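What Swiss-Prot says about this one:
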- 72-77, 106-110, 130-131, 142, 151, 169-172: NAD(+) binding site (BINDING)
- 184, 246, 263: Zn(2+) binding site (BINDING)
């Protein structure tokens, strides 16, 4: 088992990474020395079938536990589901010394974390991520639910007390989910580590990724995020760099309809557009043709669907939480590992987006 310590202004907490470590859940949580009068275990219906009862039984050996499974998919990050979980917490008589346990991917982590951040003005929670994608979202304390007009518009900063990342869970993921998670790994490499990106560029297919490579990806990805979050917990500065590819990515997700495209596929499109703008504005020397061919080979979409208008995407970006005073904030690269924040008027991004989409149609 490997471990990392996340250091932020508000809290220091451990991340445990290893195969099969969920089976030591009770011991790992006990080592945190939290009061934990009761536990509310929140998972989703698919994860529940594989790991829900196992973790429930392990935790129940030491604490009173209630398990709730929400529907799988981005649609669960809704106000209705948030209120349902608050009701479950109240009816189970959670108190300020209770703890919420999130077992699942990024959706469950975001939702359960937001419930924890707001119940009785904030109680403890612990993350048990089960997907490659959630190596990113489980660390850093950003928790949220969606609004019909945009992704993650209703949320808070609320750090977990620990993250228990059992890499054994990744072995059961379908290729689509592996690809989605890999996009966030690629993002971390682009913004911070050229040698890591060069390693990733050697991947020929999702199926060829070994267990050892997965563990190393998770460790490196979390290490990069930990470094950024330790310097900027509340996204006042460099933490915004972690949004590379996400401005267009979130717009695509919202416009397609949540669940119609994976987060990672949308972010892959967003990164390709960000590289295009980086080339035009900053003369970024990244070989976009090589990157596009590699991403296509791994199964990522090449372009935004033609039936989705540029105007609709701009509207979504204008509602993005990073937009300030009608000015769209974009994360660009002047080279791999060197990030710049740039502000654009909507008409500028519309022009770049139309150019990029025309390039993709050739």
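Each Cβ is built from the backbone N, Cα and C atoms, and glycine gets one as well.
Positions of Swiss-Prot features highlighted on the structure.
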residue: 72; record: NAD(+) binding site; Cβ neighbours (10 Å): 19
residue: 75; record: NAD(+) binding site; Cβ neighbours (10 Å): 15
residue: 106; record: NAD(+) binding site; Cβ neighbours (10 Å): 24
residue: 109; record: NAD(+) binding site; Cβ neighbours (10 Å): 29
residue: 131; record: NAD(+) binding site; Cβ neighbours (10 Å): 24
residue: 169; record: NAD(+) binding site; Cβ neighbours (10 Å): 24
residue: 172; record: NAD(+) binding site; Cβ neighbours (10 Å): 12
residue: 184; record: Zn(2+) binding site; Cβ neighbours (10 Å): 26
residue: 246; record: Zn(2+) binding site; Cβ neighbours (10 Å): 25
residue: 263; record: Zn(2+) binding site; Cβ neighbours (10 Å): 26
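The two recorded residues, residue 72 (NAD(+) binding site) and residue 263 (Zn(2+) binding site), show a Cα separation of 14 Å.
Residues 184, 246, 263 make up the record's Zn(2+) site, and a Cβ search at 8 Å around their centroid adds 133, 136, 183, 187, 245, 249, 264, 266, 267, 270 from the same chain. Under DSSP, residue 109 (NAD(+) binding site) is assigned to a helix (H, G or I) in the three-state scheme. Nearest to residue 263 (Zn(2+) binding site) in space, judged by Cα atoms and limited to the binding-site residues 75, 106, 109, 172, is 106. Cα of residue 131 (NAD(+) binding site) to Cα of residue 184 (Zn(2+) binding site): a span of 12 Å. Ranked by CA distance from residue 184 (Zn(2+) binding site), the binding-site residues 75, 106, 109, 169, 172 have 106 at the top as the closest. The binding-site residues shown are 75, 106, 109, 169; of these, the one with its CA atom nearest the CA of residue 246 (Zn(2+) binding site) is 106.
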